[in-house]
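Visitor: Take a look at this one; I'll ask things after.
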Amino acid sequence: MKDLLKFLKQQSKTEEFEGIKIGLASPDLIRSWSFGEVKKPETINYRTFKPEREGLFCARIFGPVKDYECLCGKYKRLKHRGVICEKCGVEVTQTKVRRERMGHIDLASPVAHIWFLKSLPSRIGLMLDMTLRDIERVLYFESFVVIEPGMTSLERGQMLTEENYLDALEEYGDEFDAKMGAEAVLELLRAIELEKEIEMMREELPSINSETRRKKVTKRLKLIEAFFTSGNKPEWMILKVLPVLPPDLRPLVPLDGGRFATSDLNDLYRRVINRNNRLKRLLDLAAPDIIVRNEKRMLQESVDALLDNGRRGRAITGSNKRPLKSLADMIKGKQGRFRQNLLGKRVDYSGRSVITVGPTLRLHQCGLPKKMALELFKPFIYGKLEGRGLATTIKAAKKMVEREVPEVWDVLDDVIREHPVMLNRAPTLHRLGIQAFEPVLIEGKAIQLHPLVCAAYNADFDGDQMAVHVPLTLEAQLEARSLMMSTNNILSPANGEPVITPSQDVVLGLYYTSRERINGKGEGMAFSDVAEAEKAYRTGVAELHARVKVRITETATNEAGEKVKTRRIVDTTVGRALLSQILPKGLSYDLVNQNMGKKQISKLLNTCYRQLGLKDTVIFADQLMYTGFHFATISGASVGIDDMVIPDEKYTLVADAEAEVLEIQEQFQSGLVTAGERYNKVIDIWASANEKVSKAMMANLSKETVVNRDGVEEQQESFNSIYMMADSGARGSAAQIRQLAGMRGLMAKPDGSIIETPIVANFREGLNVSQYFISTHGARKGLADTALKTANSGYLTRRLVDVAQDLVVIEDDCGTFEGLTMKPLIEGGDVVEPLRERVLGRVVAQDVFKPGTEEVLVPRNTLLDEAWCDIVEDNSIDEMIVRSVISCDTDFGVCKACYGRDLARGHIINQGEAIGVVAAQSIGEPGTQLTMRTFHIGGAASRASAENNVQVKNSGTLKLHNAKYVTNSNGKLVIVSRSSELAIIDELGREKERYKVPYGTVLEKLEDDGVSAGEIIAKWDPHTHPIISEVAGSIKFVDMIEGVTMTRQTDELTGLSSIVVLEVGQRPTAGKEMRPMIRLVAADGGDLMIPGTEVPAQYFLPGHAIVNLDDNAPINVGDALARIPQESSKTRDITGGLPRVADLFEARKPKEPAILAEVSGTISFGKETKGKRRLVITPADGGEHYEEMIPKWRNLNVFEGEKVERGEVIADGPEAAHDILRLRGIHNVANYIVNEVQDVYRLQGVKINDKHIEVIIRQMLRKCEIVDAGDSEFLPGEQAEVSRVKIANRELEAQGKQPATFERELLGITKASLATESFISAASFQETTRVLTEAAVGGKSDKLRGLKENVIVGRLIPAGTGYSYHQKRAEAAAKPAATEAPAISASEAEQNLADLLNLAGSND
């Protein structure tokens, strides 16, 4: 018996494999898989329920229905194993062979495989160089195709209709051969000689001139080469033998009531068999051609339906009018094999329940209901009960557990001790959505969750449910404890800040404790230590907020690393002294000697983690939470209606605003302003009124007047509950309080435009009907948004994960000197992100020098931690080059140095860390959060009043960046370039502020002038866009004809008239081709030139432009010739944000992208065509000039004769990432995408580290286009993996040959996922059919490098703890294989087993 067990063990061993190859199956291969031909469409006998012989479920072909029993019942039991019954022909074996044995159908006529025919581009079509239409006409018997022209004038592959064929027959007789149907295509494919074709095409390629033809030939060449290298034969795309799926994979299940539930595949197979048999019969009978043809066509159609129903023509439907599910449908889509069963599997040993708060738990614990624990840990309990001798058998143990005898609970306590469980809350958006805890048994039926981990789970207690999973094996428990325990996940992987920060009640309690109150009870007392202060508080001598002096003892570490105690007397409050009791030793008292808002608490925890490490932080966090809850309870903070204090100034402010609006209304009626301007100005007035009201309200709420000890009135921060909640960051914001006690403000319509009548009431006063109706708009839009956007965001995350899944840290250092240049991010007067935040946790790529010296401050390859960042800041360095994954040189992964610090752990990243997936989660998770948070301000329009000037905040020197300007008659500069920026530089040369200023800005200062803080240095009109004259002279109207290209509007009040240019669409036919413009002429009537160029000064006027000058009026430099009214602005919401992020990662081209200069040189304009201008750039070195056609309505930033640099903006618009990559290089495109994505998230106050976005960009840049193939195997213009090209180039250089040159290409994340090397990963993502077709034709083999492929084949992933397993496998594969025991074939194994069994049987 021992031998038998040993043998069975041997059999169950899985095969080790290095990769998975996919290819086309030849007819012989299909027959070799098969165990017999299926000849009849019958399935099972309806009376006996036994499978019919030679039918679709035949036991002879596919194996027995019952274990070790033949169909007729002659041979039963194990001892007859392997015998083939002579009566029914069934082999006696296990029934599970019915899952793996295949059959086949011999087709009476060949049939084209629909995937290779219809999946675009059609492979059969490319192969034969025929159009898909023609091939379909042949296959579906509509026309003939010439196969062998013989000596006739026909050509091979020529199409002949029925008439043509008959004519040809009369003319040539049997000189030639023409056929129809799949046989014809089969013969054509068979006739292709791959090698000859390849040679011919390679020779032909260089001489082809037309671009389209070259592309076509290259495509065909690649296909034929793929066939040639993979060993596939083209004729295998036509099926002669059809494999039949094993019956247990397409089951037929009897239901009660004599009906059957069946898989759709059985119906599809039955159709094929029926038609095939009929066709055989017709051929035997030598039926008329037309009937046979029809039958063949029907056979082709039924095989099409079986393989991919609905790909051609209408889908075949079953009895219930629903399309049948074909083989292709089985594997694709969310319910297909890949996503349903291979990537997402269900878990046993899990339970779920509602969660409640566990305020008394420690951070590493969760409360598990006893009932649940008993069920989840059953096998462990049975084992323990048996082991302790309390139960004799498993059955007895089961009875004990069912009766719930007291011993069971003791055993359960034992089993659970130190056995972590994992809690998961759906949706699991990032890795913190599953964490491990030690269970604590509780009564009741709800799981208790520690409040501090709620932020990570995004959980609240309004009915959320969570799932519990039990790690069973020792390794799983170890991993759960060391990697997933909640105490080991304190920092967020997205930004490296603590994720277990207290929120809400805890913050409120701590804030309340640390506040000070003037003249509180016990003010001015002095205490010898904290304990004495506590005594005074407990006995009621001093209150919590009293300002007192306390002597405190601190422990600090000195230079030598010894712990030193210091004592000092501090001005503080009793509450803060109490807080210092829970402060871990080694932290400064100053950290709690302040008002503890949410930000301060977060900083406190962060400092604690960096200075004292994990353990102290965890304990401290728990203590903070207990204290916070305690004092929040004691504080008695509550919200009452009287807490919402409405400021007295509100009513006067609203009245003023109303008066202003009336004034503008009058101006509009008298024609001084256009409708658009009026709307914009009204909105501005209300926006600023709203600001003023909310300022007044906050001033009113935040301060209260009290009498101090000396009897003098003094202001102090108020103890108003609502104000405390908002100020501490516990709940609510100024914007929400404004709606309660200020005014609701402007509301947005569902389309995002702003309703111009604001809601002046607030919630305390209450809204009237019309106000209520307006506010429902915004609120409803928010709810609808949420529903739609959640799905969108989930899809974005899925695409991100898919593109980045195979990126893993695989080596220590790639040694590159490349990197990204980091500067502080400055927008307007604020430093949005200082340099230290951008470089923290990165590795320096090149030595950083002390400013102005040659002294190295930070050597290359230093990991910048907090201490280094302090040094960088102290030396006022404002740019440095740091390593980045984008410039990492590692093939198939990245190195530790280029990635830098692991944000969730605080040290340099480990090998094997799956940085791709972490990056995708970090970007996707807040996406979902944000989309869910659109409506929280109730749709209140969050738009500040439009800016119309620049007011500096710091003193310094003014610098202009890419600005062109003219000096007007008052000696002031007027900006005449589009993308100009002002910067303020301090005396150390560091940039402090940077502002974008529009065209037409008037500057109050000159360049390099000193400016002082608070000064206004630039002004412009935000509502109109001027056209500025660059020369002085008099104006002359061209093509300005009243009623044709423009109309006059006269103001009734002032009698002033202005000219409004009509849009092309509004003009009569005569004016369509005209181009209204203003030309400047000198006194003598001659044309004036723009200074420094040969271009006449003429300005084209777009539609809607308003001109306030008359013909021949004089004009000065820098004066406005015309104004173009600007459109009203829409509110910025992440709604615009999420699609924006998706567009950036998909690298979509914007609608009207900016036009960039393709080469450096001088601008001129060539001959104009209808509606387009011809822009010509002539390079300075006399190279080939570059031409581009630009639509006339595009506003150009350049004039004739101007010099431009490559990549400079010629016409404004959103820049396209592809253009930036092509013209400005890889680093610029990386910076562009990172900054744009960050802008969207920053607007919502979400922090994501730049690294994560860079990781995605690296994956978008992993393909390149070959420019010149050199001596390599690549084709020019082909798309290849960058790492492949680099490896090939290294080999070529080593042999002294010419390497290939290439240009990097930017692919959107969907395209990049589908273009990955691994076809398994691509097929499980999207477009399964296309990916598999392509892979099969090319005979691709998947090396199983990524995570997804390994999950699909059921292995450990090559990351995390599975990394070492894969390393070992790779090493073992590299070693020469040791001599192994000779492998035995399956049939020998069966034989051996049969012998063993017979032995065992005869010994019985």
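Cβ coordinates come from backbone N, Cα and C, glycine included.
Grabbed the feature section from Swiss-Prot, which reads as follows:
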type    : residues                       : note
BINDING : Cys70, Cys72, Cys85, Cys88     : Zn(2+) 1 binding site
BINDING : Asp460, Asp462, Asp464         : Mg(2+) binding site
BINDING : Cys814, Cys888, Cys895, Cys898 : Zn(2+) 2 binding site
Visitor: Starting from the Zn(2+) 1 site formed by Cys70, Cys72, Cys85, Cys88, give every other residue of that chain whose CB sits within 8 Å of the mean position of their CB atoms, in sequence order.
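Guide: Near the Zn(2+) 1 site, beyond Cys70, Cys72, Cys85, Cys88, sit Leu71, Gly73, Lys74, Tyr75, Glu86, Lys87, Gly89, Val90.
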Visitor: Could you measure between Cys814 (Zn(2+) 2 binding site) and Cys88 (Zn(2+) 1 binding site) for me? Cα positions, answer in whole angstrom.
Guide: 67
Visitor: Of all the binding-site residues given, namely Asp460, Asp464, Cys888, Cys895, Cys898, which is spatially nearest to Cys88 (Zn(2+) 1 binding site) at the Cα level?
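Guide: Going through Asp460, Asp464, Cys888, Cys895, Cys898 one by one, the Cα closest to that of Cys88 (Zn(2+) 1 binding site) is Asp464.
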Visitor: I'm trying to understand the geometry here, so how far is the Cα atom of Asp462 (Mg(2+) binding site) from the Cα atom of Cys898 (Zn(2+) 2 binding site), in Å to the nearest whole number?
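Guide: Cys898 (Zn(2+) 2 binding site) has its Cα 44 Å from the Cα of Asp462 (Mg(2+) binding site).
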Visitor: Have a look around Cys895 (Zn(2+) 2 binding site) and count the other CB atoms within 10 A of its CB, chains all included.
Guide: 22
Visitor: Cys72, Cys88, Cys814, Cys888: which of these binding-site residues has the highest Cβ count within 10 Å of its own Cβ?
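Guide: Compared across Cys72, Cys88, Cys814, Cys888, the most Cβ atoms within 10 Å surround Cys888.
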Visitor: Under 8 Å Cβ-Cβ from Cys85 (Zn(2+) 1 binding site), six or more apart in the same chain: what's there?
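Guide: Correct list: Cys70, Leu71, Cys72, Lys74, Tyr75, Glu91, Val92.
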Visitor: Just name the most isolated of the binding-site residues Asp460, Asp462, Asp464, going by other Cβ atoms within 10 Å of its Cβ.
Guide: Asp462
Visitor: Can you tell me the CA-to-CA distance separating Cys895 (Zn(2+) 2 binding site) and Asp460 (Mg(2+) binding site), as a whole number of Å?
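Guide: If we compare the Cα positions of Cys895 (Zn(2+) 2 binding site) and Asp460 (Mg(2+) binding site), the gap is 39 Å.
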Visitor: Neighbour count, 10 Å Cβ-Cβ cut-off, for Cys70 (Zn(2+) 1 binding site): what number do you get?
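Guide: Its Cβ shell of radius 10 Å holds 25 other Cβ atoms.
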Visitor: Just jot down the residues in the same chain as Cys898 (Zn(2+) 2 binding site), at least 6 apart in sequence, with C-beta under 8 A of its C-beta; none if empty.
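Guide: Once residues fewer than 6 apart are set aside, Cys898 (Zn(2+) 2 binding site) is near Cys814, Thr816, Val843, Arg883, Ser884, Val885, Ser887, Cys888, Thr890.
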Visitor: If you take the centroid of the Cβ atoms of Cys814, Cys888, Cys895, Cys898, the listed Zn(2+) 2 site, which other residues of that chain have their Cβ within 8 Å of it?
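Guide: Residues close to the Zn(2+) 2 site, other than Cys814, Cys888, Cys895, Cys898: Glu811, Asp813, Thr816, Arg883, Val885, Ser887, Asp889, Thr890, Val894, Lys896, Ala897, Tyr899.
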Visitor: Can you check what DSSP calls Asp464 (Mg(2+) binding site), collapsed to helix, strand or coil?
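Guide: It is coil.
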Visitor: Does DSSP give Cys895 (Zn(2+) 2 binding site) helix, strand or coil?
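Guide: Note: Cys895 (Zn(2+) 2 binding site) is in a strand by DSSP.
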Visitor: Setting Asp460, Asp462, Asp464 aside, what same-chain residues sit with their Cβ within 8 Å of the center of the Cβ atoms that define the Mg(2+) site, listed in sequence order?
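Guide: For the Mg(2+) site, the extra neighbours are Ile355, Ala459, Phe461, Gly463.
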